[in-house]
Every structure is written in structure tokens, then in C-alpha cells.
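Since the structure comes first, as C-alpha cells, the remarks are kept for the end.
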Amino acid sequence: MEFSVKSGSPEKQRSACIVVGVFEPRRLSPVAEQLDKISDGYISSLLRRGDLEGKPGQMLLLHQVPGVLSERVLLVGCGKERELGERQYKEIIQKTINTLNETGSMEAVCFLTELHVKGRDTYWKVRQAVEATKDGLYIFDQFKSVKPEIRRPLRKLVFNVPTRRELNLGERAITHGLAISSGVKACKDLGNMPPNIANPAYLASQARRLADDYESITTKIIGEEEMEKLGMASYLAVGRGSRNESMMSVIEYKGNPDPEAKPIVLVGKGLTFDSGGISLKPGEGMDEMKYDMCGAASVFGTMKAIAKLGLPLNVIGVLAGCENMPGSNAYRPGDILTTMSGQTVEVLNTDAEGRLVLCDVLTYVERFEPECVVDVATLTGACVIALGHHISAVMSNHNPLAHELVNASEQSSDRAWRLPLADEYHEQLKSPFADMANIGGRPGGAITAACFLSKFAKKYNWAHLDIAGTAWKSGAAKGSTGRPVSLLVQFLLNRSGGLDAEE
């Protein structure tokens, strides 16, 4: 679909359809009022007759409105004006796109971006409209023998902005929105792939393809033989029970004109399937453990998005591919592992494997002398208990970095909330036999997992994103969400300078 922006009066638009808002109860938005005036009260008379209340998501398609050059006018219910928030705005956009496709419109001019959303500017409204549109149209049917027939005639969507001065802002919002949507789709596609196909080698092949597609990207794949030489015994232990080789994909993006500029490093947990190992998970819902690689998928999607944008940064994305399976060679509860850092870990539960993979990767990335490191992982069920399925968790050893990520989450509407990393939680990780245990008990499980990781991130500014509750959905809408690609790209946009959305 093609997106563009323009600034003009609604009555002068020659289009298949104009989209305008109506508030509850039966109150016209400013743009709808203009059309009503041109049409000598035609629209308001329909509302008085009760054809549309203005409740969120209600739609009324009008044909040949007097005085209006466009063929049709779509009235969109937006609820009560003072209650129009971010979530409702995006839901309205998605419902509008679905309706436009159902009506057979090939193009439309959308004035919903002129609605007032508290605390949000034109850039945000246009970018979120692009992202919501792309997200609403996403479908994963790669393995359907009969593809569902979906009617999608809409080919062009024009967003109207209030003044010509905001055209550049709108165009930039479209550029960012399309790049982010591309990254979100890549993340979703990886996450939704079945684990018999999307194993660590498949992750590595996708990383190589990214390097083939973009000159600014190079990819290095590290297999088990090289990991052994590096001393990554903790990472290797997790994959021992699987016949699929563990592979770490290092994706390097160079966009900074200064070749000596320190890179930002993103690390993604890539457990392509997590059975729990010897500490086997319950059978119910185990199929969803293919989503335990969504951290790596989000890093992959982020790298694709920034390559499309050409951000003037150096960024390294690491996909920590691995599969946790039971077997005669699998690691066991009671094992003591020597990590790449030299610290030892007593394994109390083989289903707390993500941290055992990530700890070695966090040590590995020291060689890049990073500006900062952000790891992303579907790490703990405790995070789901704490924050549910709406907000990701942020934990960090560096206050400014934590604030940056939370701020980026607010800007992008891909929300995250900071949890503490107090010294007291480290007490729960003590082991009588090793430097630490790999679990700290049920209390504060998301925090103790991050405390474990922090022991391997002392040489740089580091943050941890626990996306266990936000990376995928269960039930009828089952599938990867593509989060937190929007958050990560916003963080990097802000870091890049000059492309900051708030400028």
C-alpha cells in the first residue's frame, strides 16, 4: 500500500473516499463540519435521524454528498472527544482500513490524523496510522494449503495534515512508520514460524540474508566449535540435548560516518524451542514455546528497520540461537557450569535456560567496547504475573539508559515499565556450591533473573527488556506481536540525533 500526506480542504479532494470523524453523541469533528456546511447540512441531518451515534468503530458510508468532489464520504465513530486516547485512535484506524477494503475503495484521503489525541502531535498520529494499518493487514498463512481469499482493493492512503508546514513532519512519519512496520513484520514472521523449520540454523540463514540485502550490514555466524574455543560453556550446555546445533548470529550495521564510533549492542534470546529440558514444562501450551526466540526476532526486525532508515549509528545485533530439549546428553539440575566470564553457576532448574545463554553472550560482546548493551528476552513467567500482557519490563544498571528506554516506549506506544535491581535480590541467587544459582525462587522472579544477568554486564551500561508477557498472544488472536521493535527503533532514532521524533 502507498502512503502519502497532503494539506487541503476536504471539499476539494477528488478521491474515491474521504474519511472524517464523528464524536459521540452525534457531534461532527471540525473537518466533518466543513463538509456539512458545503452540503447544506446533509450530514448533520443524517445524524439527527439516528443513522450514526458516533460510538467508537461505528461506520457510515455516504455516496455523492452534495458539494463534495469525492465519490464517497466515510463517517467514522470516534467516541467521546475528550476520551480519545492512543489505543482507541489506533483501533479506529484499523477498523477504518478494514471498512475501506470492504467497500472496494482503491484510494482514500484520511482526515482522522487531524483528530486531537491528548499529548500527541501530527508526527505521532501519522506514524501510528501507518503502523496500525500495516499491523491490521498482517496475515501469516505460509503453511495453509488453501490460502484464504482476502479482499484488499485499497492501494493508496493519503493522510491530511492541518497545515503545509507539517507536510515534512508527515512525510518523515510515513518513512519511519514504514521502516518500523517492515521490522515488525520480519519479527512476526520469524516468531510465527514452526520450530521444526525455525531452528538456530534458520535464524542464522535469515541473518545472512539481511547482509545480502543491505550493504551497510555484515553478518558473522558462530557455531558450537568456535563457542567451545571461546569458553561459552553455559550457552553450549543449554543446547546439548538437541540435535540442532546452537548458533550465534552477529549482525553488524555500520551507519556512523565516524569509523571509531562505539556501537550500540542489542542481544536477543533465540530459544527456537524451549521444552524446559530435563525440568520439562507441562504439555498444555508447550507449542507456544516456539515464541521463546521472540527476543532474537525483535533484534532481527530492529536491524532490518534501521538499515532501511540508514540511521547514522553503529549497531550490533546478536541473535543467540539455541534449542532446549531433554535427552541423554542434556544438562541436568545439579550441574555446575563455568561461564565465559569464569564465574560458576549451579543449575537448579533447566527451564531457567535463557539466562544461561545470555550470560555468555553478554560476556562475548565486551570485545566491541559498546556504548551500551540492551538485551531482549522472553525470560520469565514472573514478568507476566507482575505486568501482564500489556507492558514490557525494563531493568538496568544505568539510570539514564533506563530512562531512555522508558521514554522511547512512551513515544512509540510500545510501553515498558522499570523494575528495580536492588542488592537485596542478589541474596536469592546464592549457592553453597558455585558462585551463584540460576534461579532465585518465586519471589521477584523477573528481578532475580535480571540480577543474574547483571553479574555479567559490569563492564558497560546495560539494560534488560523482559518481553515474556508482550511478545506474543494466545487464544483466537494467537501469534507474535512484533514487540518491542517499535520501542527499540524509537530508542535508536532518539540516539541518532536529527531524526528525533520530538524535534
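Cβ coordinates are placed from backbone N, Cα and C, and glycine is handled just like the others.
A 10 Å cutoff on Cβ-Cβ distances gives Asp292 (Mn(2+) 2 binding site) a total of 28 other Cβ atoms nearby, all chains included. Per Swiss-Prot, Mn(2+) 2 binding site is recorded for Lys269, Asp274, Asp292, Glu353.
Same-chain residues at least 6 positions away in sequence with a Cβ under 8 Å from that of Glu353 (Mn(2+) 2 binding site) are, in sequence order, Val238, Leu271, Asp274, Gly277, Cys322, Asn324. According to DSSP, Glu353 (Mn(2+) 2 binding site) is assigned to coil rather than to any helix or strand. The Mn(2+) 1 binding site annotation in Swiss-Prot covers Asp274, Asp351, Glu353.
In sequence order, Asp274, Ser275, Met289, Asp351 are the residues near Lys281 (active site), counting only same-chain partners six or more apart with C-beta under 8 A. As annotated by Swiss-Prot, active site applies to Lys281 (among others), with the evidence given as sequence analysis.
Look at Swiss-Prot and you will find Arg355 (among others) tagged as active site.
DSSP gives Asp292 (Mn(2+) 2 binding site) a helix state. Most Cβ neighbours within 10 Å among the recorded positions Lys269, Arg355: this distinction goes to Lys269. The local packing around Asp274 (Mn(2+) 2 binding site), expressed as other Cβ atoms within 10 Å of its Cβ over all shown chains, amounts to 26. Each residue contributes its Cα atom, and for Lys269 (Mn(2+) 2 binding site) and Arg355 (active site) those atoms are 9 Å apart. Apart from Asp274, Asp351, Glu353, the Mn(2+) 1 site neighbourhood in this chain, defined by C-beta within 8 angstroms of the site C-beta centre, holds Val238, Leu271, Ser275, Gly276, Gly277, Ser279, Lys281, Met289, Asp292, Asn324, Thr350, Ala352, Gly354. Residues Lys269, Asp274, Asp292, Glu353 make up the record's Mn(2+) 2 site, and a Cβ search at 8 Å around their centroid adds Val238, Gly270, Leu271, Met289, Met293, Cys322, Asn324, Gly354, Val357, Ala377, Thr378 from the same chain.
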